[in-house]
Amino acid sequence: MHIESPIKRRQSTRIYVGNVPIGDGAPIAVQSMTNTLTTDVAATVAQINALQKVGADIVRVSVPTMDAAEAFKLIKQQVSVPLVADIHFDYRIALKVAEYGVDCLRINPGNIGNEQRIRSVVDCARDNNIPIRIGVNGGSLEKDIQAKYKEPTAEALLESAMRHVDILDRMNFDQFKVSVKASDVFLAVDSYRLLAKQIVQPLHLGITEAGGARAGSVKSAVGLGLLLSEGIGDTLRISLAADPIEEIKVGFDILKSLRIRSRGINFIACPTCSRQEFDVIATVNELEQRLEDLITPMDVSLIGCVVNGPGEAEVSHMGIAGSYRKSAFYEDGIRQKERFDNDNIVDKLEARIRAKAAMLSKENQIDINQID
């Protein structure tokens, strides 16, 4: 059942990336980044649409050349999810994609150039009502900051960020968010904690270059979990050396585990032992695949025996407590007369979950429409 998160979020200003609100209490936005060649318009559009299908609120696209900028124009015309253009080295690319309707510009202080170039980007962003992300990265700090600190430190990342925040402040430009990413969990966490005390703008969270699907997910969950539990963060990206689809799934799983934002089914499943009366692992894996299209938040417990099965089912939207041959079925915490054959749990439970999700979605829509 739904339990409110005890987390009190950091107060920040509000910006919009396309039609997606960021900060000031808005839902924490989950984003990913394409890994196709941007000049391959068809492949990039296909990947963006696939990311949107699994819940991406925002998608970032690398724009390394003017040819990529021209491709970005065509891409933007074919997708509906807000796009962030990732700009490094050549500030003129930012000016070009601004003409093509980009929803946000990500610039890297470590390589975008001098203050005059930054001012050109800011002026263009203001004229076109485009927000900016100041994206600091521990692996690409400015040379003078590298020389000063010798190695990436939280203070070094903070100095880089504040240097560019100050430029935007002097230009009276407040439509921006900031990130201070590092591949080390403690370095990233310390950097964000320092930054959160210095500015009121929204913060984009991430553990950069976190690694492969398994290790990177764990590293991201630890780092972002610490920050989110402290109320820090307004948007996030999980950086994995894996299919970008996994980044969105992991991002929502982290938010779901902290009760911050839910999307789809939250499966509560036991790790199994010799007491299990049905194949829990196979059941969970099959249901996760079959039901990944659902977006209605629901808790479903799948426990293989009667030790913890009834207790978990009583606090879930639906639950199975394993029993000999036929397992007990619960809905809204109440044990039902119907029992599920242990060899046919997946099919029957899928049908019940889909029906329940449709009902909850309809009820939620009615509640929204009744709000003045």
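Here the Cβ of each residue, glycine as well, is placed from N, Cα and C on the backbone.
Taken straight from Swiss-Prot:
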| type | residues | note |
| --- | --- | --- |
| BINDING | C270, C273, C305, E312 | [4Fe-4S] cluster binding site |
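Annotated features taken from Swiss-Prot, shown on the structure.
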| residue | record | contacts (Cβ under 8 Å, 6+ apart) |
| --- | --- | --- |
| C270 | [4Fe-4S] cluster binding site | Q276, V280, L302, I303, G304, C305, N308 |
| C273 | [4Fe-4S] cluster binding site | G304, C305 |
| E312 | [4Fe-4S] cluster binding site | I268, S301, I303, G319, A321 |
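All protein chains considered, the CB of C305 ([4Fe-4S] cluster binding site) has 21 other CB atoms within 10 Å. DSSP classifies C305 ([4Fe-4S] cluster binding site) as coil under the three-state reduction. Other than the site residues C270, C273, C305, E312, same-chain residues with C-beta atoms no more than 8 angstroms from the centre of those residues' C-beta atoms, the [4Fe-4S] cluster site, are P271, T272, R275, Q276, V280, I303, G304, V307, N308, G309, G322.
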